[in-house]
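A.B. asks: Quick one: the structure is below, questions incoming.
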Amino acid sequence: MTAKDILFDAEARTKLKVGVDKLANAVKVTLGPAGRNVLIDKKFGAPTSTKDGVTVAKEIELVDPVENMGAQMVREVASKTSDVAGDGTTTATVLAQAIYREGLKNVTAGARPIDLKRGIDRAVKEVVAELRNISRSISGKKEIAQVGTISANNDPEIGELIAEAMDKVGKDGVITVEEAKGMETELKVVEGMQFDRGYLSPYFVTNSETMEAELDEALILIHDKKISNMKELLPILEKAAQSGRPLLIIAEDIEGEALATLVVNKLRGTLKVAAVKAPGFGDRRKAMLEDIAILTGGTVISEEKGYKLENATMAYLGQAARITIDKDNTTIVEGKGKQEEIKARINEIKGQIEKSTSDYDTEKLQERLAKLSGGVAVLKIGASTEVEMKEKKARVEDALHATRAAVQEGIVVGGGVALIRAAKGLAKAVADNEDQKTGIEIIRRALEEPLRQIVANTGTTDGAVVLEKVKNAEGDYGFNARTEQYENLIEAGVVDPTKVTRSALENAASVASILLTTEAAITDVKEDKADMPAMPPGGMGGGMY
């Protein structure tokens, strides 16, 4: 077992604080509209320029192991806030540093750390309740655009694009972010359900210019097994041909005689038909086929359920207003399924998302949810250089997360003002002794820190003066660091998602409390590796034999 170094008491806490400060000081320069960029060296490729707190935090590893532990604890604040709310990572870091700094002064002066922690916890609970109280819900496109703009570091183009995407695919819809080939940033919306399977044969193409198979007012046959024998497919094919409507066949695979017969009939013009493989694998494939069936009002022909392909009737077939198939994707628009069944399926998937413990499963469930609830929007991010592209893409992803958070829990006034207004809730926090009262006051002081830092980053205004002016005002009145004016910030579009502000405070207080109640720090002893012994002189030892 490796030997360990142990630091106790003030020595441990002082070193932890150095680590906390190093990371927090690098992160907090990015806060607010006047925040600066941080340049990060990459061993391969160009350096990365970012104004995203969590990206900076994740890059920091310190040489001293105890200092590094302090830094990593605060990095956890940023990461957790990013995971939960998608934004607010810099605010969370600034709050954690302030709570730890103020708490440490009191611990050094003789306060009991555990009582400070209790006071901090009670204070945070009341501030969060007050934040929820002053929160307001958002619904309009304009409000969504404001949240997106602020979270994308005051880029109105990104805010407008996100609002447009949410407008098109709904609040539960999937919005993905991709790199564009050119310099333009644009929004592309795939309406209806799209899955990543193309036609099984190019002979199914109906539009030779676009190389797509287009089926209008189509019928859809959904089967969960391979189809290779034409005999079992023939009865339902004849019924579909009599209806005069085009037919899409979705199955695990279609091969041999069955595929050849479909192609020949398509080329002769006796049957408008196309065939694709079923999306997904294993249990996910079964679930996705069921989704398609519910969306189109059809039935999955599955022997597990007692259905046989040769006995299939027209009642088993789904229907859609339009189906477009290219070599890679199939898109079903306006499925004719019953709305109540689709809603029930959506609620079932939402329930599975809540219970899911795997990020991968959650992502796949959310994709299925989006396909059922209105489509997929793709934000294609364009830029003139790779460095700019990466930075812009990261900002768009942040803004997207923050906007979703705003839709979930509403918004509060931005610019650090919401935390100052929420300090009103501290009047309800009950302290059992003086140290707990001190814990409450630590939070009161820490709540001012984000505003102080936003002002400090402007480099032109005195933070103490701004703070006093904002504290003496009421409601949404605050300091707009972009214009350096005092105004109604909500009207000016300076807003933060409630979930972001709440998560930042809760996570900061949690980690700062752990650091305050730390009495010892244990690290591995660094081993000095001995120099390699010198090589013997040239030639083979011992001479020749």
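Glycine is no exception: its Cβ is also placed from the backbone N, Cα and C atoms.
These figures come from a predicted structure and were not determined experimentally.
Summarising the annotation, Swiss-Prot assigns ATP binding site to T30, L31, G32, P33, K51, D87, G88, T89, T90, T91, G415, D496 and lists sequence analysis as the type of evidence.
I'm curious about the neighbourhood of these features; can you describe it?
C.D. replies: Listed in sequence order, G32, L451, I454, G478, F479, N480, A481, L489, V494 are the same-chain residues at least 6 apart in sequence whose CB falls under 8 Å from the CB of G415 (ATP binding site).
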A.B. asks: What are the non-local neighbours of K51 (ATP binding site), defined as same-chain residues 6+ apart in sequence with CB under 8 A from its CB?
C.D. replies: T30, G35, R36, N37, V38, N153, E391, R395
A.B. asks: Among the binding-site residues T30, T90, which residue has its Cβ surrounded by the fewest other Cβ atoms within 10 Å?
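C.D. replies: Least crowded of the binding-site residues T30, T90, by Cβ count within 10 Å, is T30.
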A.B. asks: Would you find the one among the binding-site residues G32, G88 whose Cβ has the most company, meaning other Cβ atoms within 10 Å?
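C.D. replies: Going through G32, G88 one by one, the largest Cβ count within 10 Å is at G88.
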A.B. asks: Helix, strand or coil: which one is T30 (ATP binding site) in, per DSSP?
C.D. replies: coil
A.B. asks: Just checking a number: largest C-alpha distance across T30, L31, G32, P33, K51, D87, G88, T89, T90, T91, G415, D496 for the ATP site, rounded to a whole Å.
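C.D. replies: Per the listed residues, the maximum Cα distance equals 17 Å.
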